[in-house]
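Okay, structure first, notes after.
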Amino acid sequence: MINDQTKINGFILNSVSLGFNIFACLISCIIFFLILYHLYYNHVKREDKISVVLCGHIYLEILIYSLTLSSMNIRSMLGHLYNQSFNSSSCIFSGYLAIILLGMLYLNFLNQAFYRLIRIVYSQNRWFQSLKLYVILPMIEIIMLTCILLPLNGVTYLPNDHFCYPTLTNIPSILSTAFVVYIGPFCCITFIYMHITRFIHQQGNIQTLVIKQRQSRDLLILRRILIIVNLLLILGIPGMSLIIMFIITGEENPLLARIVLFPVSISQMGLSVALLFSIPQLKNIVLNLRPTNTVMPVNQTVRGTVHIKTITGTQ
């Protein structure tokens, strides 16, 4: 059993996490439906469609993942207030869903990095610049990820936390899961962006002015994406640190699961906002919402003036 002070600390963690998750839900829901609207009415340039679709995948994943984390926060808060148990098959399902969605978050960002690699470094390869490929790819990834993670994870009901999640003290299982969900994709994302940055710097002296301007824009976008990469890194540091401490000391923190999920909620909120400032196509979609003033063309005004003068002269 955990003491009263630990329960209070856990309740505060749940409350703050719930606020972050609700904020991430609202932002991701608004942006996702804006993306759908612009794609449905064909308001997106042809060359920008893949980037917008990839962002749509990320925001949909953030929306579903934030809703899942919010339900876990609410279960934990109700469990502490009313000493209620939520041990059920739906609870087990939400635990597996949370892990799979976390893996899909990294894979969606990996897909985005891969597309930038193809567009900038291997621009002659048209097959990997197909819109259909990036529409189908997440479906294939979620099936593969589910098949890999289900045997590795032993999602159980955590009575102190009142929600279901993998037992973080099962070291072989949690390290295998961390490699598949967090370490592997993050290393690939980092390697790809390093390769793109090196390529742009190497090509800087041998390209035409137009290509140099495009590469300067790509480099600026990459610098902004570093914020997103850092958020993805921060997302997993506390959990990995606590697991390493458990391996060394053998002592489990009673709030381990909630401490692990707390930076995840912060990162979800940060990612939903940071993407808007990092991806030009998303920024254009949001800016298009602003009302525009109708301005009469100069030529039309001049033509109208000449016409009036002509009529006056005739009279």
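Each Cβ is built from the backbone N, Cα and C atoms, and glycine gets one as well.
As annotated by TrEMBL, transmembrane segment applies to 20-40, 52-72, 92-110, 131-151, 171-193, 225-249, 255-277.
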Selected stretch (most C-beta pairs under 8 A with the transmembrane segment (255-277)) from 20-40, 92-110, 131-151, 171-193, 225-249: 225-249
Among 20-40, 52-72, 131-151, 225-249, stretch most in contact with the transmembrane segment (92-110) (C-beta, under 8 angstroms): 52-72
Positions whose Cβ lies under 8 angstroms from the transmembrane segment (52-72), at least six residues beyond its ends: 17-18, 21-22, 24-25, 28-29, 31-32, 35-36, 38-39, 44, 94, 97-98, 101-102, 104-105, 108-109, 111-112, 115, 131, 134-135, 138, 163, 165, 261, 264-265, 268, 271-272, 275, 279, 281-282, 285
Positions whose Cβ lies under 8 angstroms from the transmembrane segment (131-151), at least six residues beyond its ends: 49-50, 53-54, 57, 96, 99-100, 103-104, 107-108, 111, 115, 177, 180-181
